[in-house]
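Read through the structure below, which is laid out as structure tokens, and then see the notes.
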Amino acid sequence: MTKVLVLYYSAYGHIEAMANAVAEGAREAGATVDVKRVPELVPDDVAKASHYKLDQAAPIAKIEELANYDAIIVGTGTRFGRMASQMANFLDQAGGLWARGALNGKVGGAFTSTATQHGGQETTLFTIITNLLHFGMTIVGLNYGFAGQMKLDEVTGGSPYGATTITGGDGSRLPSENELAGARYQGRVIAETAKKLHG
């Protein structure tokens, strides 16, 4: 059975919600799915004072586990147009896997969130995708089979490079049903692609 890892970092819960939607989509395709997060680097007192969501159910991933999956779908909120340092720090530890070619041929994808419509969604996706390409992975985005990314009647995320959500400047906007549908769609397509490639 196809094994999929949804790997994420979420400070305020928006990416956590998107990760769970991605996982739902991958499960719809018949995959076995694990949802894991990367370690928090912000000191506890600072995270609490900043109202980080610290009660996330997903277990902490270990870098050596990445080799166990047919597909890895990575999500993180943006930090000035690039992935959050927590995710970058985690992926930077994959040098041993890269050197052994342990991730070559696996399927990868990316999803993100920004505070505003023009807050760096696509550049953040590119920073994730660049890492995955260096690992030797085959990238699957959010293709236009998901027509919801072309909606003009509401504020919505979505890009051919990956599922996205817009949180609002104060973080009060949760992922919309359309954005969650995009995440589920991408998860399903990635799982289907991994099944075709890895059986």
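Glycine is treated like the rest: Cβ placed from N, Cα and C.
Marked as domain 'Flavodoxin-like' by Swiss-Prot on the basis of sequence analysis: 4-190.
In the three-state DSSP assignment, the secondary structure recorded for Gly13 (FMN binding site) is coil. Gly13 (FMN binding site) is surrounded by 17 other CB atoms, counting those within 10 A of its CB over all protein chains shown. Annotation source Swiss-Prot lists FMN binding site at 10-15, 78-80, 113-119, His134, citing sequence analysis.
The NAD(+) binding site annotation in Swiss-Prot covers Tyr12, and the record cites sequence analysis as its basis. Counting Cβ atoms from all protein chains shown, Tyr12 (NAD(+) binding site) has 17 others lying within 10 Å of its own Cβ.
Around Trp98 (substrate binding site), taking its Cβ as the centre, 15 other Cβ atoms fall within 10 Å, counting all chains. Sequence annotations record features per position, and here Swiss-Prot assigns substrate binding site to Trp98.
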- Item | Reduced DSSP assignment, Thr78 (FMN binding site) | strand
- Mind telling me which of the binding-site residues Ser10, Thr78, Ser113, Thr116 has the densest Cβ neighbourhood, counting other Cβ atoms within 10 Å? Ser113
- Message: Under DSSP, is Ser113 (FMN binding site) part of a helix or a strand, or is it coil?
- Response: strand
- Task: Count the Cβ atoms, other than its own, that fall within 10 Å of the Cβ of Gly119 (FMN binding site), considering every protein chain shown.
- Result: 19
